[in-house]
Every structure is written in structure tokens, then in C-alpha cells.
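Read the structure below first, then the notes.
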Amino acid sequence: TVFSQHEAGPVAPVIVIAPRNTTVTAGVSKATMECVANARPVEKLNLVWRRNGVEVASGVGSFGRRLTIVNPTSADVGLYVCEASLLDSSMKHAEARAFLSIIESPYFTVEPRRKMMGEVEKSVDIPCQARGVPTPKLEWYKDAVPLSRLSNPRYKVTSSGGLQVRQLQPNDTGIFQCFARNAAGEAQVHTYLDVTSMAPAFSTPPANITVTDGTVATFTCQVSGAPKPAIVWKKDAQILASGSVKIPRFALLESGGLQVQPVVLQDMGTYTCYAANMEGTVNASADLTVWSRTYISQPPTDRRVIKGTTAILECGATHDPRVSVRFVWKKDGEMVGQSRGGRISLQEGSLHITQTWSGDIGDYTCDVLSPAGNDSKATRLEVIELPHSPRHLQARLNATDSRSVELLWMRPFDGNSPLLHYVVELSENNSPWRVYLANVNPALMTTVVTGLTPARTYQFRVCAVNQVGKGQYSTQTNRLMLREEPPSAPPKNIVASGRTNQSIMVQWQPPPEPQLNGVLRGYVLRYRLAGLPGEYQQQNITSPEINYCLITELIIWTQYEIQVAAYTGAGLGVFSPPVIEYTLQGVPTAPPQGVEAIAVNSTTIKFTWNPPPQQFINGINQGYKLSAWPEHSPEDTIVVTITPDYHGTRHLAYVSGLKKFTWYLTSVLCFTTPGNGPRSAPRLVQTHEDIPGPVGRLSFTEILDTSLRVSWEEPVEKNGVITGYLLSWEAQGKNQSRVAQTMPNTTLEYKVTGLTSLTTYTLEVAAITAAGIGMITSSTISSGVPPELPGPPSNLVISKISPRSATLKFRAGDDGKTAISKWIVEGQVGSTGEEEEWKVLYEKDNDPEAQVLEVPNLTPFTFYRFRMRQANVVGSSKTSEPSRLIQTLQAPPDAAPSSVSVRTASETSVWLRWVPLPETEYNGNPESVGYRLRVWRADQQGEVSTRVVSDRLEREITLEGLEEWTEYLLQIQAFNSIGPGPWSEPVRGRTRESVPSGAPDNVTAEAMSSTHILVTWGPVPDSEQNGNILGYKVILYREQDSNTEPQVQVVKGNLTQSTLLRNLRKYVLYEIQVLAFTRIGDGQLSSPPVLERTKDDVPGPPVRLVFPEVRLTEVRVVWQSPVDANGIIIGYQVAYRLDSGEPNQFTTVDVGPNTKEFTASALSQESAYIFRISARTQQGWGTAAQAVVITTEIRERPQPPLQLSVPQDQVQSRRLWLEWVPGRDGSSPVRYFTLQLRQLPDGGWITHSSAISHNSTSCVVDRLKPYTSYKLRMMATNDIGDSKYSQETDAITTLQDGDEQGSEGKHDLSFKCVPLQSPKEESVNGVLLGYRLYYRELQYDSTPLDSKKAINSSVARSDLTGRVWTADVHTVLHTKPGASVFSKWSLTQENKMNRTQFSITVRVFETQLDSPSVAPQNIQVNTMSSTQLEVQWEPPPVETQNGIIQGYKIYYWEIENQNETEKVKILFLPETSVRLKNLTSYTYYMVKLSAFNAAGDGPLSEPRKGRTLQAAPSAPSFISFSEVTSTAVNVSWGLPLTPNGVVDGYRVVYEPSAPIHGVTKVITVDIRGSWQRWLKVRDLTKGVTYCFRVQARTISYGPEVTANVTAGPVEGAPGSPLKISLMKSGSTLTIHWAPGDGGAGHVTGYAIEARPSDEALWDTFVRHLPPSTTSHSVSLERLRQGVSYQFRVLAINEYGYGEPSAPSAAMSAQPETPFYEEWWFLLVLALCGLILLLLLVFGLVLHGQSRKYKSCGTGAAVSTMEESVTLDNGGFTALELNSRPVHVKSSFLRRNGTRSPPRPNPAGLRYSDEDICNNYNGAISTECTALTERPADLSESEATDSDCEEDQLKHSFVNHYMSDPSYFNSWKRQQKGLKQTLACSYEERVSSDADGYYQTVVTQHSVGGVYTPAGQPAPGSRTPITGFSSFV
């Protein structure tokens, strides 16, 4: 298309003729492409050619329409683009495309040879390859015939284009052509193939081979021939392989060879190869040798080792012994050789590489080379190390979360070990570093640290962790401050308690510190009514130090909910959960409503009311109080408390016990716990009318035969309006004669008429009210006979005596012709003298016929004597005759001790004081009266403990063993032998504050860093605080198992319970304990100690670097572990370099932790090297220790330091500065210096330090003593050894310092001077110049009892401080006037340099300077008890006291033993009496007194003497037995060691150890006087063991001494003598016997026992006869006349008495009959005696009738009672044993025709009441001590003496002993429970049906008397001498 030029506007380019695809042959000269385009304007048309996007510049024709490519090649092939565009136009371009391609003629790259040979049956390959463009196609011809036409299957064209002819045949000979054709042309090549045949021939015959077992053996057998020969292999005629035979492991190869696989040892032998074809046959042989295979039996394994350690790559081989092997190691294909220095070595096939580093990393191969085979194993060696520190750590605040920080870092080198994780540590507010993120993903390089606390500063650091461990920390970040936030937690432990009824105290603790989120500014407290939706009221507490608030102006008894929140600068935090609390209760403000009061009877008023409105009760309604009081007597108010009824609105209650017919005011009030509310308005109520009481004063006047006047008075108890009186009378016993008369109320007398003369009338008078007739008052009177005073009662008999009452029987006296209206009992109480006052004890009204009265309200254990009076209308009678004296029985005390007070004594004791019971209130035996105290904690915790005080006169006791600082309640009661009395009112007392007895709870410790440990603990349990905790001593801590002094950190205040221990040693295990302290001192340490180890850190430098071996080219360095290991050492690093080399180019070698030496080799000779040794822990490498060494062989010891000097201005009290000049080092650098010092004048040299740095020239010498002279010397040490010591310095004296110990003040610091004990010389630290005394007021024991609370330490301290005065002391110290009563004195010792302070506590009262000048006055020493004396005195005159008397000192001692017994008692109270306790009984004491004040003691008084009372003695000193026979024993005993008085007798009690025939007898013998300390007991049973108990007696019996003895011969005693015979000759009786068995020893003598016929017991007759004696003569005068005797003999040896012989025949002691025994004389004597007896009987009968005598009981009665015996087993009669002769004959004696011998005088004997009655009744008297039958139990009333009397005993013998109370009252002193013998009874008791009772059985023992059965008394017998008593 052609555009016209005249057309307007441009036209876009258009391709008119596009270029065409062009193909040219390689080698042509050019190729041309055309492109025609059109556009408007044509002049701006532009054509551009591009090839493959690149503009083509050459070959472009005019206008760009034709492109010519000259000599095109394959490089010009490609896509060509023709692009048409308009210049300066944005129109779219037009383009056209065409492809240029080049073709190439074929040519051969591989051609066959021109001639080829081939053997028949073989294959031949004819190669042919060609190239060209396009790729040519190959075609084969044979002899010019294409192979495609021949179709021969043996011809095959290969993939590469060649031809393969298989199984050649002779006809295959010919020319083969290869044609290559393509579009560019063709080419051809050819070859000639010649096919031949021949006989077999070995081209390579078999050869001998040697192989390894298990490998492949290949025999070669290459045979040429045509056609191809057949191969057969044989071994020993066995075909192994051929074309048709196949055997396992044997294979015929294509080449004709034989392959054996695998080879075994049995395959060794000769192998033959046979080859044959049509042309012939051949064979050849070879031998096979088999070796055991060489193999690696211990292959190397992959190893990962830490840098610097040794790597061992093991490799072991097993091989045939016929071969040798060789090991070759390769690293990454290169052989590894051994190094000269030995770092790499080959040891037995294994490769050893020491000091591994990163260059050793690689793949290692162990090759084992041997003729028997080779083996190879590969392994990998990795050298790992700690990762490097992360780099470029940055921390950024999180914009969205103020509690998180973003960390970024760069990944560090991992140390050839994959990183396991990162560890992020942080430091909060400069606190120790702690791990915060312990496992950060190793793939990350950024992390966000969350959970941080606002308003705190943080620093961060990061370290990487791999398999080796934790690498170095990164550089820490800058410190970031997080933004402040409001607290996220509320205050804790909020406690609210009602303080008053309108206020509540709220207390709290700050929120946990981690949740404060900023600086605490204060608190906001809000509150509102609980349960109501009202608004909160708030209070702002602007101080963070205030943690309490008192909410006031609240509503009474209202429940509030309270919340507290803390706030910071960022705002208010969360409020705490609500705390619900009531204000305290108030009293009701309104009275009960609707109160009504109605009288329901004469004594009761009914109240009804409604409760007050609930809103006005103001608390919990505790009930109501109903009040009623007489209208005009408000003081007689009766109040009844009623519990509220919650189930009804109307309340009902009654008040009873009111006065009858009385107006009462009544009201009701409601009360709560705080008190009573207002009472209701009083209402007036009158009780109902009732019958009146009896009229008063009934009397009779104008008594005539037919009339009388009766008068009376109004009743005292009217009980209403008296409306009249009722008077009635009747003749006594005649009811039908009764007359009644009613009179008005104004009539008070009446004349009764119409009576019958001389008749007894009963008159009755009663008052009348509307309620009826009142109580009747009556009396009897005879008409015409005026009444008169009655007669006195008589025959007073007392019975049924109890502790508080007694029954009084009596015979009424004359009634005075009228009825008895009152009985009056009077008595003498306590005292029994005739002149004692009589008191009215009891009155009984209106019982005119009474014969028995029970007298109540008596005092227990008190003597009484009664008399009676009776009264009628006339008056009272005279008194009766007094009764006998009685004593009421005992009862528990009625009252508790009074005036009980308690005072603090010590930390664990209180002092209780009381007023003892007066003796009148003992209610029992004074000896049994004591006191029992009980004490318990006021908080009811723990148990109640009791203490017993046995001394009835004691008035104080110190109760020990209490808990410290604890309030106790104490009570006291009195007791006696009957029981305890009431308890006193409890009193309160508190022990003194003490040190805590317990330790803080839950002590824990946590290491925060390598130098910090956080210790926390709980409070001390309340029960163990023992006072106000002022703080804690935190902590006694020290390194475990070290001897260092523990360090103490004090935490003041009791609210802080944690602390951070700082500046600790690193990686050290510490023992940590905590204690609390009060102002008294330190408490218990917590136990067991808490063990905590500080965290590890990098270690300190190793020490003691020495070079013991130095040569020209190598040195050996030795070191020791760091002093501060700061962890577990895991390795050391040795770095060294030339001193003249580069400063930072060190050769470093890492060694293990146990290696402490290293040899550096290949050094330069005569050169200085710097060695640095550093240790390493898990935290990294520590500081290096550096030393210089010179490689030389010429070294020597160093020269000692020179010019030691001490500048005088550098000398202090405990340290000094030492300077020196180093000497020569001996070509071996000095490693350190050693310093020694010597204390002058005579101290030895002591090493002070041996670790002074080698490069130091001065040092500080510390740990010196002040004011002490020293000399110093030094020596140097290098690698060769120590130098000599330097020259000593001059003597240097340290300066003075303060006293460390202080002086010790005496306890009684006085005003005039302070006596001081000088401090120890070694602690003075200088010249002692004087002292300085500080004193201040000390508030002690002033805290209230409820102060046991947590207090602020500052407050506690202010309580203990005050104004302090000082005084310098040189000779005499005067105190400052006006000091307090209690002062705290702190004494400071002062020298020239310093002063040291300590404290003592003294008492100060006034500034008086003199002690009292006069002793106490009017000293009296009064006896209180057997162990107490009371000393009373008056103070010295006031003008001589010289101040306030602070107390007294009482010196006392036993008169006869002053030196050993003198004691002093100090009374620190200005009292004027004291009791000296624990004294020796019945001992004289001397007492002196002196008074003292603050200045000292006054003079001693003159001694005063006092004596303690007697007490029970101690036990006799011993008890022994002698003359032990089968039936008798002699018992003796010693004096008591401490008699405690005058011993006036002994008591011997013995009993068998087991019952004898079912009977157990306990025999008691009382012995008067102290001279007799022996007793012969003769009633024993052979073989029975007896227990003897002996007591001494003064005022009472003391303790017993006990011993056992067995009756009968002991083992070894002689046998019984034989052939006993008696011979009587004149006045002599001879006893003969023959010796018996001598026993185990020689017979030492004989003894003779006799038994008279009037006794049943044997007694010793003759003692100590010679052993040779066989007979003994006795004069008959020694025997009692008329008594028959039996004798027996006992032999004696050293073992004791033997068995007695058989008794002899009875022999009478009757001599020749004198005249007075002739029958006629006896007859005359009997007649005379009969006459006298009749006269005597007649006189007694007359005398008895005249005196109306009543006997106590007949002899028959007593006999009957004595024979009535109850037995343990059903019944037996006890025997009576006499211990003294009886002077009369009993009926038993009369039956035996014998009489009693003379008796001794009974002087000094003790009689009982039984003696009195029995003797009086004519019965024989019993022993002095009663024997009671055990089963007989009497009632209490039966055991008294009240049943045995009605008339006074008149017999002179009885009266004689009644006059002595010691005899008459002996029954009263018997022990409780001992049943009395009922010696007497009333006549009516004996004859009436009285209750039966058991009679005491009495037994007797006599020494030489007769046996008298009970119940058969001998006439005229006298009381026996004291002997034995037995209770059966």
C-alpha cells in the first residue's frame, strides 16, 4: 500500500515484505534477507534488525531493507527480527521474523581399519561413526550389496553405527562398506574382513596363584585356535568346569579361565586346563595356594572429641601368620604421618592425636595391607568446642506489651557441634544474673522475653549451648526500664476487727513485691454496708508505710464489707476480696415493749413482754433481766435473767421468792454482751395475800383454878391484812372438850374461863387473814398451877459423831408444868478447860417430846464438850452436866488459802504467795495438812500442772519450769488426809520475757548468683517467741566443714523475713541458720542448717606456676589449682609466646582438668617466653596466671629481698606497710615471696603469708595485735627453690587500740565507786588509762500483758532508749542524781587509742553514799515447824538507814557446826520477816541480820537463837538377827542417823511372807524408851521367812528399815543332839545328852531351851556351854515351884544354831514338900479364904445397890466378844501369845494345878481403853496394843467411843487412868482405818437387839509367864507389861 503525501497525519509502520526463513550450505560466501516497510511520514521510518534480541549492526543495507551475512557459520544461526518504527512517535512498532539455518555435508569421525582379521566362531566389530548437519544416516554394504537385502541374522548394526559380525564363518570374508548421507551430500569408507582357522594353542597358560580365604581365585587359560577350542578344567581327575559341567563356586570364564568364588582352604591343589577343537588338543596345570584372609577385626568408629583433648582412632587386624601386615592411615585421601613432636602417633595400628583442634577434623581411613589381603575401614573425626558468644545482642521494648522485651542477636559459631539451645539470662534491678529462658530454639535469632515486672530495670545476656556445654555469654545489653503499671495484686493478709461499736480497725500487708509494678505510693480503702448495693466510701492512705486504718463513725453492730487496693504512680491496682466484719455490739437503746406484770400468787409475779425493735438491740440479744423490788426498799431488788425465746414474739417469765402481800415495782430490760439496755417503765404490782405466820410471845397470866389470861403479839409475817385471831383450848387428850373463840384483829389477849381445876389444857392461837387461818402457836398449862422454870436435862450421851454433826441423847428434865418450847445446846469448842466459854451451838423449837438431837454445823476435827438447857413459856432451865469430851471426825478443808498473789520471778518461774489456813480451818490432823497448786496457761493451751506443798505453814513457792513470756492462771487449795478443799479464785501472772526458745520456721536458701544467696524464713511459733521479737539474726553462715567464724547479718524488725547475703565466695557450700532475738538476747538457731551452694563462675588464676625443668628448647611448667576455683574445673589452657614476639600471637594448648603440668618443646634457645595458664569451668575461662621463663640451662636460687623497711607513718594498731627491693632472680624468674614475723620478746617465727606476688615490692601486713612489737623477714622463691631469709627488720611496735573484751563489773555496782575486774592483759591493746561509764533509763517489765504482738523495730527500740549520761572514771565514780529505779549501765574501757563498750544491769535507788550504820532491831526467832524458823525484826532507825533499805541479809547456822552449815539468805524486798526453810529438825540455830542499801551492807546484829521442832526420825541405821532357831530369833537395830528429836520408842512389825495354814498374822510391838534396841521373838514357825520392819519414834514414827529372816537352821548348821535325859537329885536337876552331827563346821558350843508347863513357848535357858559338854546341872531354885519343865538342847557352830533335840520328859520343879503344903494346912487356909470371900461379896452387893452402878459389860460379854472371831477361810480362833509373866492364875492354870511366878512392877506401861474396861469388869487385861482381825470391818459410828457410855465411870482404877489423857485418849490417836475394840457398851445395847459387830481378837506374848486363853480371866490379875500385839 502506498500512502499519498497529501494525506494529513502520521501512519503507523507496516511491514510490506517480510523476510523469509533461509537455509544455506556451510562454506557459501553469504546469505541475504529482505524486509520492506511503509509509514507516514516516510522520512521518519526506521528499520532495525535484531538477532536473538540483540541489534545487528553489520551487513545492513541502505534504509535497512536488506541484511547480508558474510561467510555464515553455525554462530550466525538463529531467529532474526525486522522491526519498523517512526522516529519521535509513540505509535506501535511493526516487526517480522525469519530463521537462518546452515546445513553441513557428512564426514566420518570413526573409521574401520582397511583390513581386519577374524577367527571362526568368534565375533568381530567393524566401527563406523559420522557427523553432519543434519545428522547423516549410515548404511552398510557387503561386497556392494546392501545388508538389508542379505538378511543375515549374524550381521547387526550397533547403536553407534558400527557393524558386528557374530560367529564368523569362512564365507563372511569380503569387503564391507559404510555410507553416510544427508541433505548436504554423502561419504563412504570400507574394510576387508579375512576369516581364518587353526589348532588350539595356549596364548596365556594357567599360572600358580596365591589367594586369600574367602576371596576369588581366577586361573587364566587363554587358548587360540579356530574354530574356538573347548575348555575343560579338572582337579585331580575331577571335572570342575566345562561347557556342560557346572559345579557351585567353580565357574568357566569366557576367556577359558577358571574362577573359584569364594575360595576355601580345601581348594588348595593343582588345577589343569584342557583345550580342544577339530584341529587338536592341549592342556596346562597350575597350583592354588590359599591364605587365611587378612581383615580389620577392630574397625575405627566415628569420634567426637572436645578441642584440646586426645582422640584415639582404634584399628586392629586379624591375619594369617605366614604373612605380614602394614597399617596405613589416610585423612581425606592423604596419608597421615607421625609428627616429630609426638602429637600424632601410630600405636599398634591405632591413630593417636593429642591436643586436637579444628584442623584435625576429617574422614579417616585405616588401610591394612598384606599379601593375604587388604582391608580398609573409614571413620569420621569431629573436634568440637564450646560455641562462641552470640554477637550484636540488642534489646528493644515491646511497643504493645509493657511486660516484655524483644531480643535480637547474630548466630555464633557453633563449635562444630549443633546448637542445642540458647540460654537467656537477665539481671533485674542490678540483682544477680539468673536464667530466665533456659531453652530457646537454636534456629531462632530473636525471642521475646515476657512476664517481666513493670517499673524495673533489666539487662540481658545470651549464650549458646551445644553438646560440649555452655559457651561464653554475649555482651550484656544496656539497662532497660519498663514502664510503671498499677499493682496487679491487692494487698494481702487483710484483717478487720471491730474496735468499738462504731469503728473497725483494718490492717493489711503490701501486695507481693513482684506484683507492685512500680513504686508503692499508698492505699485506697473502701467500705460499705455488707449485702447492700450502696456506694462505697473511700479513705486514701497516702503513705506506703502505713498499713492500717481505723474506720470511724460507723453504725453500731452493723456488718461492713471492706476492700483495700494499692496504687503506684501509674494508677490504682485491684481491690482485695471483700472482708466482712461487724462493728462491736452496743447496748440496746430501747426497752422491751408491751411489758405487763401480774401477781399470780403471794410470792410470784408473771411478766410478759415483747422484744425491743431489732434495729435497737445493737447486737446479739443475750436475754432479758426481770427486776422486782419493794416499793420502799429498792436495795432489795431481785433480778432474774431469762434467755431469749427466738421462736415467739411474746415472752413469758416468772419471778418467784417474793415477799407476800407486798407492793413491788417491776421492769424488764434487754441486754447484750456489752451491757444492759434501758429498762421499761416501772409498774407497781402487789403480791397476793396469804395466811399469816405464827403469833409471837405466847404467855399466860392470872392463872386460877377455872380461868387464866392468855396474851400474844402480832405475827412478824402478817402476809396480808390481819382480820382477827382464832383462840382454841381443850383438856389434854380430850378433843371433845375443845372450845374455839374468834377475836378481832385489835385483840391481843383473852381471858379463858370455865376451866376445870388442876387440869392440863392445850391452848392454840393463830392469826387470820382473808387467805385463811395462819400457823398455830400452842402451849400446855395446868389450871390452877402456874408454870415455872423447867429442870435441866441429864444423862447426856454422844453418838454418831461425824465431821460436822453429832447425835446427842439426853433425858429431859422437869418441864416446869408446861410444854417445853425449845431445846438449847451449848458447847465448849476447841479448848477443853473448865473455864472455857460456853457457846450456843443449836436450838430446836416446838418439839417438846424430843429425846435425841442432832447437833449440826460443827467444825471437823475439833474438840467439843456439850451441855443442854430446856425452855418453856416461863424461861430457860439451868444447864445440864457437861458431856464427855469428843472430837469430830476429819473432813476436807472448807476454805482456800486467802490473799493469793503472784509475781514474776524469772523467765521460767513465778512466785506465788498466800496466807496459810488458820489452824481452826484445817478440819483434820495438822500433820496431814498441805497445799496443792495448779497452774495452766491463760490461753488454755497445754496441760494443767499441779504442785504439792506439804508444809502447812508454808506461805510461798516458786513455780519453776514454765514457759517464757507466758501468762498463767494459778489456783491453790488446802488438803488434809481426808481430801482437798475448794480452789481459790484464779490469779494471773506472767513469766518474764526471755530469749526465744524456738527457731524461725521454714528456713530456705536459694542461690541467686555466684556471690548472693537469698534466705527466707517464717516466724517463730507464738508459743516459743518468749517475748517481743525485735528482729532476726540472719544469718549465722559459714562454709561447710570449715573452721572459719560464722558471719552474722542482722535483720531488724519482725516483719521482714528474708534477706540477701552478699559478697559470698563463689561456688561454695554454705551452712545457713537463722535465729530470732528479743531484748533479752538471742534465741535458738534453726536446725538442721540449710545447705546452699553459690553458683559457679569463671575461676581464678592457677597458682604456684613453676618451671622445674628448663632446657634450651623445651620447658616443663607445673601449676596448682586456683585458690578460687569458683566451680568444677573442666580443663586448663596453656598459652605461650616469645616475649619479643607479637603480643597476641600465643600458641595455645588445652589439657584436661587432672593435668597440672605441660611440656612445651621446639622453643628458641636462650629466649624469654611468656606462659599464661588459665582454668575453665562451665561458665568459661578464668583469669590467666602469667609467668616468664628463659630457655637456658644456667639457673640458680634467687637472692632474698633487700632493704626491708616499714615507714613509721604507715604503722597502725593492727596493720603496717612493708617495703622491699627485689634481689637477683638467678636467671629464673621469682614466682612469689614468703613473709615471716616474730612477736617480741620471745615469740617464734611464724609464716604470715606465702603468696605475695612476684612483681610486688610492698604489701600490707595485717592481723597484728595492737601495741605489740614485731620483727619481719622475707624470702623469694623461683623455679629452683627458696632463697635465704632476708635480714630482719628493726623492731616495730603497733599502735594502741580499744579494748576488745572490756572489763567485768561486779553485780552490785554501788554509788560511791564501781569495783571493776581488770580486763585480761592480752585484750587491753594498749596502756589502760581509765573507764567511761554510760547509763540511761531502762523501761523494764513495763509492757502490758497483752503486748505479745508484732511490733515495729523502731518502735521497740524507742522503748528501750532514753537520755544517756556519761562519766569518765579514773579512781572513784559518782553517779548522776535522779537516776531511775532501774537503769541500764554500759561501761566503756578507755585507753589512749580507743574505747570498747559493753553493758551490765544494776539497780539504782538514790545517790546515797553510805551503807546503813545500825543493824535491824528487835529480832525474834520463832519456831514454825520442824524445818522452818520465822525471823521477825524491825528496820534500823530511819536516821541510820542512809538511804532506802533495799533488803536484808540473814546469816544463820547450826550452833554446834557453824563452819559447815552457815548460810545466807538475801531478801531483796524491804520486808521485816522471813522464813528460813529446809532446816534440820530439832536443832538450835543462831541468826544474824544486816540491812543493805545501794551503798552496801550495814553491820550485823547480835545473834539470836531458835530451835526447830521435832520431826519424825529417819529409819534405824541397821537391822540384824542373831540366835536364829526354829522358833525364835533375836532382833537388834541401830539408832536413827538423824533422830530429828528425842527418840522415845520403837515399833517392830513382823509378818510371814506367806500365810501359815491360811492365816497371815501381822504382829506389832511398841517399845517405850530409846535404850532398848533389841527384841527376842519366840513364836516363829520353822522354815517360814519373816519380814521385820523397825521404826523409830519421836513425835511420830519415821520410815521403816526392813530385813528378812528365815526361822530354822541354815545350811551347814549342826544336827540335833541325841539321847536327852533328866536326872533329879535333891535340889539339883541334871540334863544329859550325846553329841549329834556336827554339820559343815566344828561344834563351838551348846544351848539349852526350856518350856514351862504353864506356857506354850520355848525360851533360852542356858547359853554358851563348851563344845565338849554333854551334861549340865541346874539348881531347882532357878525354877518356879509347882511348874513342870521340858528341856531340849541345840548345838552351835560357826554357821549358827542347829536343829533342837527332841524334848525331854516333863520334870516338876517341886522340892520336898514343906509343912505349909501339908493337906491339913491347905484345908485350914481354904476355909479362911472362903469366909473372907463371902464377906467381900456381900460388901460389894450392898455397895452396888446404893450407887446404882451400871457395869460397862460383864466379863461373860467380853469373853463372848473375844471368842467371836471371823477367819479368812471361814473361821478360826487366834492364839494369844504372852510376852510378859502374869501374876495370877487363870482357870487354865488352876486346872493344871500350877500358879504364876512373881511379876515385875508395871511402872512406865501404856494402857488403852480396853485395859480400863476389861480390868474394871474383872477380865484379864490385854496387851497395850490392840490386835485387829483383818476381815472385821466396823462402821464409822461403831468405831467411835460414843456407844460405850451412859454414866460416868466411878471405879478408882479407871479414874486413875482417865486422869491421864495420854491413856484415856489413846484410842483417838490410832490411825485412820484401824478398827477400835468396843471395850464398853450400854446396858441396853447388850440386852437389846443391837446390830451385831465383830470383836477385836487380842493375843499376848510373855517372856516367862503362863498361857492365858481369851475370855477366861484370872481373878485379881493385874495389867500385863507391854508386849506383842497381833492383828489376824
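Every residue, even glycine, has its Cβ placed from backbone N, Cα and C.
Whatever TrEMBL says is automated annotation, not expert-curated.
Among the features that TrEMBL reports, domain 'Ig-like' is placed at 106-196, 294-382 (among others). The feature domain 'Fibronectin type-III' is assigned by TrEMBL to 591-690, 694-788, 792-891, 896-994, 999-1097, 1101-1195, 1200-1297, 1415-1511, 1515-1609, 1614-1711 (among others). As annotated by TrEMBL, transmembrane segment applies to 1719-1742.
Within its own chain, the transmembrane segment (1719-1742) has no Cβ neighbours under 8 Å among residues six or more beyond its boundaries. Within the model, the domain 'Fibronectin type-III' (792-891) shows a mean pLDDT value of 88, rounded to a whole number.
Under DSSP, residues within the domain 'Fibronectin type-III' (694-788) fall into helix, strand and coil as 3 helix, 49 strand, 43 coil. Put simply, of 294-382, 896-994, 1200-1297, the stretch with the most CB pairs closer than 8 A to the domain 'Fibronectin type-III' (1415-1511) is 896-994. Note: the stretches the domain 'Ig-like' (294-382) and the domain 'Ig-like' (106-196) are not in contact (fewer than 3 CB pairs below 8 A, sequence gap of 6 or more). For the domain 'Fibronectin type-III' (591-690), residue counts in helix, strand and coil come to 6 helix, 48 strand, 46 coil, using DSSP.
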